[in-house]
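Worksheet: the structure to be examined is printed underneath.
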């Protein structure tokens with residue numbers, strides 16, 4: 001076996017999954033990729049917990065009570081002992097509390113969902129379908145907008161027929177215009 | 001560092017007081033394609049005011065964003081680029097130079113809004129840029145047909161092209177069908193808002209309508225209606241907002257509607273007068289709101305702000321700018337607003353006055369609401385670390401928001417003082433007083449802050465377009481209503497892609513037409 005496959009064989013996740021998945025992982029090619037982000041082997045989830053002690057250890061590692069800890073189902077795709085937390089958007093938490101990580105609405109040591117970057121503030125809300133239908137439908141919004149604007153213009157045009165002109169004097173010119181006598185603005189004689 | 005801009009402004013005002021009018025042709029190609037600068041008293045006065053506001057914003061941004069040492073240099077560069085673009089637009093006398101300034105403004109304003117790398121900045125920048133792009137598409141179409149005419153001539157361009165020019169100014173100046181970008185663009189840093197969204201970017205559309213004022217005759221009804229609607233919608237929505245900067249954004253929207261409305265009257269110089277006056281007091285309001293946001297540790301929530309009475313100067317500054325905004329007698333806002341109103345006294349249209357007076361009422365309502373928040377005793381925060389060098393520019397803006405009305409009112413052409421009925425003249429002040437008194441009643445759930453659903457219809461761009469989990473940002477002005485922001489769903493994503501498609505279509509269509517005609 002090559003060096004990369006040896007690492008795979010020794011890694012903790014090799015023990016998980018059905019027999020066919022283990023064989024597939026042996027024969028599948030290894031793809032090398034460089035990442036710009038940083039990752040530590042300490043962050044690798046442990047192997048899938050089989051015994052009660054392993055479950056308690058995993059629960060303590062992720063900051064959960066043992067009765068709350070529930071790993072993903074063991075169908076070969078489970079991320080080791082990472083807990084299967086309920087997904088909810090960060091908007092459901094108190095936004096104005098004094099978090100240690102303000103942008104993540106999270107304190108230090110709190111368990112993070114495996115897709116936590118998806119459920120951040122301003123990102124996906126997995127429960128959107130529960131209340132998306134509370135919004136006014138788009139056609140109705142458009143209808144209200146068009147009605148408002150059109151009614152304002154319509155009422156303005158109706159109002160144009162009933163304009164009120166405040167009484168004003170005829171404009172004065174300093175010369176004689178069309179036979180009308182105006183003030184001529186000439187100095188008085190003597 | 002920013003002092004030189006105040007000297008430039010003096011220089012421009014001096015030139016502006018001399019009655020010159022210069023057409024400076026930069027180059028000409030084939031005797032039809034020309035590039036012209038036009039120096040008029042309007043250009044010089046606007047440039048002078050722009051320099052005053054730029055100097056103030058440079059000092060204010062050093063104070064407000066002083067912690068951003070590394071990215072601050074690029075920020076100032078983009079701000080200067082924006083101001084050069086605006087100067088280009090102000091002195092342009094021809095369509096070609098105008099489109100260069102116009103597009104340059106759109107691009108730099110996009111970068112300025114996107115300065116903080118957050119989701120709301122990105123979506124706000126996109127909303128700004130796409131609405132501006134729509135105008136650019138129209139502009140390219142116009143350019144392909146009209147490049148042989150000067151923009152400031154009395155040459156009647158035909159109804160269709162005139163309507164397109166008005167539509168063009170509507171996209172830039174956030175008039176009613178296209179006003180969803182202005183509240184979204186408040187994701188920009190506060191100094192950017194003080195420069196861009198109070199006086200320069202949003203007034204570019206009004207400016208080209210002022211320049212082509214002599215040919216706008218047939219569309220008075222349309223300008224008046226659109227301006228009135230924007231005025232009403234802006235002041236109404238400001239009464240329902242809880243975000244400091246959104247309140248000021250809606251106030252800007254209503255004043256832009258007022259400027260467009262005043263274009264529909266006989267005298268176009270009053271619109272320019274209000275443009276200048278509004279620039280001064282709105283920049284001052286943005287700066288004082290920025291100080292409030294600083295005391296609140298960059299939160300823009302309006303329910304937790306207040307200056308302590310040790311900061312009496314800031315309280316005074318906010319109060320003066322807000323009273324000038326309302327049009328309180330003998331401040332600057334009074335001169336521009338009331339003289340414009342008198343131009344409408346020749347003939348009364350009932351609904352027009354109904355909506356106009358209610359807009360004044362709402363503007364007073366939100367101003368009193370802001371004053372109530374600023375002078376509240378419950379939340380009193382202290383701005384501690386400042387010196388006279390951090391705030392002396394506010395004195396210039398303060399003086400201008402009080403004095404510029406008196407100075408310029410005697411100098412704007414076509415000044416016609418109309419002495420009419422006592423009732424008509426003093427109706428405005430009854431509404432001022434009523435707005436103040438109405439504030440102290442208690443209503444629940446009466447007023448909403450969505451501008452006729454335009455924010456969900458016209459800007460269906462979701463806030464989740466970045467996918468970099470490790471983007472952390474320090475001094476971010478966080479919006480306060482994330483619960484009401486757009487969130488990802490399949491329909492939103494599809495509409496976003498449609499928005500991109502439509503805009504690309506317009507852009508390439510314009511280019512195609514240019515190349516076809518050339």
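Start at 1 and count along the chain as shown; that gives each residue its number.
Cβ atoms are placed via backbone N, Cα and C, with glycine included.
Lifted from TrEMBL, the feature list:
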{"type": "DOMAIN", "residues": "B:92-362", "note": "domain 'NADH:quinone oxidoreductase/Mrp antiporter transmembrane'"}
{"type": "TRANSMEM", "residues": "B:6-24", "note": "transmembrane segment"}
{"type": "TRANSMEM", "residues": "B:36-60", "note": "transmembrane segment"}
{"type": "TRANSMEM", "residues": "B:72-91", "note": "transmembrane segment"}
{"type": "TRANSMEM", "residues": "B:98-118", "note": "transmembrane segment"}
{"type": "TRANSMEM", "residues": "B:138-169", "note": "transmembrane segment"}
{"type": "TRANSMEM", "residues": "B:181-209", "note": "transmembrane segment"}
{"type": "TRANSMEM", "residues": "B:221-240", "note": "transmembrane segment"}
{"type": "TRANSMEM", "residues": "B:272-295", "note": "transmembrane segment"}
{"type": "TRANSMEM", "residues": "B:351-371", "note": "transmembrane segment"}
{"type": "TRANSMEM", "residues": "B:391-412", "note": "transmembrane segment"}
{"type": "TRANSMEM", "residues": "B:418-440", "note": "transmembrane segment"}
{"type": "TRANSMEM", "residues": "B:493-517", "note": "transmembrane segment"}
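Counting C-beta pairs under 8 angstroms (sequence separation of 6 or more), the transmembrane segment (B:351-371) reaches the transmembrane segment (B:221-240) with 3 or more such pairs. Each of B:36-60, B:72-91, B:98-118, B:272-295, B:391-412 was scored by its Cβ pairs under 8 Å to the transmembrane segment (B:181-209), and the highest score goes to B:272-295. Long-range neighbours of the transmembrane segment (B:272-295) within the same chain, counting only residues 6 or more positions beyond its ends whose Cβ lies under 8 Å from a Cβ of the stretch, are 42, 45-46, 49-50, 52-53, 56-57, 60, 64, 190-191, 193-195, 197-200, 203, 206-207, 210, 244-245, 248, 251-252, 255, 258-259, 262, 305-307, 311, 314, 317-318, 320-322, 324-325, 332-333, 335-337, 339-340, 374, 381-383, 394, 397-398, 400-401, 404-405, 408-409, 412, 477. Using a Cβ-Cβ cut-off under 8 Å and counting only residues 6 or more beyond its ends in the same chain, the transmembrane segment (B:36-60) has close neighbours at 1-6, 8-13, 15-17, 19-26, 76, 79, 83, 86-87, 90-94, 97, 150, 152, 190-191, 194-195, 198-200, 207, 210-211, 272, 275-276, 279-280, 283, 287, 290, 389-390, 392-394, 396-397, 400.
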